[in-house]
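Trainee: Got these off Swiss-Prot a minute ago, pasting:
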BINDING   169, 170, 171, 172, 173, 174, 175, 176  ATP binding site
SITE      362  site 'Required for activity'
């Protein structure tokens, strides 16, 4: 049997035509140390800062320290299966998380993996967790209100869409409650909410998720949880992961509210990582770039220009203080980065004034431009009234001999403080707040006993919804107080039929 030369030649040519030259080049290194959520590896000379690295058991890490002889890596997962001598390879990518509508209503970890037992998250869109914040010309001034549903905030410390407003106070003073109530109040407001829980107990996060579900708020909320049992690197990246998820909606022209609860624990996690990586410690043992850690995160909150879709991301970072000390390192850093702060006072909280917001030290630097005109009118003198009352109340403790004018101001102050009280998970629509504060400002509460003030407010809201819904609608749609004397007439009619507790008791005795 003879084989023709032409056949051999054509076979070789066919094989050469079908040959695909696929060379896979991987830059790998060797783990030289592992422990406390951190690894060191040599042989990764070209690794980039923030690059995602993969260990041979499938766990990922992020390059943090680029040194002359090795790379410091923070491990984004369980480090118990990683051993000295293991291989680690470059991926050429920076850390990314899944984003999009598929995450709404879900509870995820900082890597975007489902932890709520409802199966995998089906989305093919991802975003890098680190992104340069929008520049000056890419932004628009804050001019639209974000209603929290909490009277004292919407009246005295208004928040605008795209603002960064710090919630600061000691532990157990109601910081998280304000954040959760604000999320609940965004129902039917076309607002996407992201709640980032950093370093909290898993039972606490579960309770907050159930609260959101109970009020129908989980449908438009993403919960990112890095619990206290997670490694420090996950606590550190959690806020950045939440911001990346929010940016997907913001650049799509949507409005986003993101809550970081709380950044004190993120700072502690970053301090832990930095000390293990042997970075030089600074004040309170925090690394030198702790300010940048928070500023680059909070600067990502913005209201975008119309050219970029006009979306917004409003940030409410939470900071925990020790014994009310706002002059500590992390609190002063975040106060200087944000556009204002809501300060919660422990003494007021334990005295029953809840929410325990200190009107004197709480401020909103840009939210006033976003406040509706009706609220501006009815809350104009509120801050001064509270300051005057607190001063007089402190003075009145030393003696009971007060003149009539001083006593009248004290009585009015007591009613003002009572009006500003609000129950847990009971946010109010802005039109209801306006009518309540209008009644306070126009002396409708002056002869109502302090114990009856909250009942007066509740019954007034029911009366207005039943008989004068048009006035509520007018305030909601126009943002202005109703024209004419319609509101005064409605309040007069309600006041005429309102019975104080004493009057009810007298009527009951008379019937018997």
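Just so you know, glycine gets a Cβ as well, placed from its N, Cα and C.
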Trainee: Within a 10 Å radius around the Cβ, which one of these binding-site residues has the most neighbouring Cβ atoms: 171, 175?
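Mentor: By the 10 Å Cβ neighbour count, 175 comes out on top.
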Trainee: Please name the residue among the binding-site residues 169, 174 whose C-beta has the most neighbouring C-beta atoms within 10 angstroms.
Mentor: 169
Trainee: Including all protein chains displayed, how many Cβ atoms other than that of residue 176 (ATP binding site) lie within 10 Å of its Cβ?
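Mentor: The Cβ of residue 176 (ATP binding site) has 20 Cβ neighbours within 10 Å.
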Trainee: On a simple 10 Å Cβ count over all chains shown, which one of the recorded positions 173, 362 is most densely packed?
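Mentor: Buried the deepest by this measure is 173.
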Trainee: Any idea what the Cα distance is from residue 174 (ATP binding site) over to residue 362 (site 'Required for activity'), rounded to a whole Å?
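Mentor: That comes out at 15 Å between the alpha carbons.
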Trainee: Tell me the coarse DSSP state (helix, strand, coil) of residue 174 (ATP binding site).
Mentor: coil
Trainee: Once the DSSP letters are reduced so that anything not helix or strand counts as coil, what is residue 362 (site 'Required for activity')?
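Mentor: Reduced to three states, the DSSP call for residue 362 (site 'Required for activity') is coil.
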Trainee: Between residue 362 (site 'Required for activity') and residue 172 (ATP binding site), what is the CA-CA distance rounded to a whole number of Å?
Mentor: 18
Trainee: Quick check on the binding-site residues: of 170, 172, whose CB has the lowest count of neighbouring CB atoms inside 10 Å?
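Mentor: Candidates: the binding-site residues 170, 172. Fewest Cβ atoms within 10 Å: 172.
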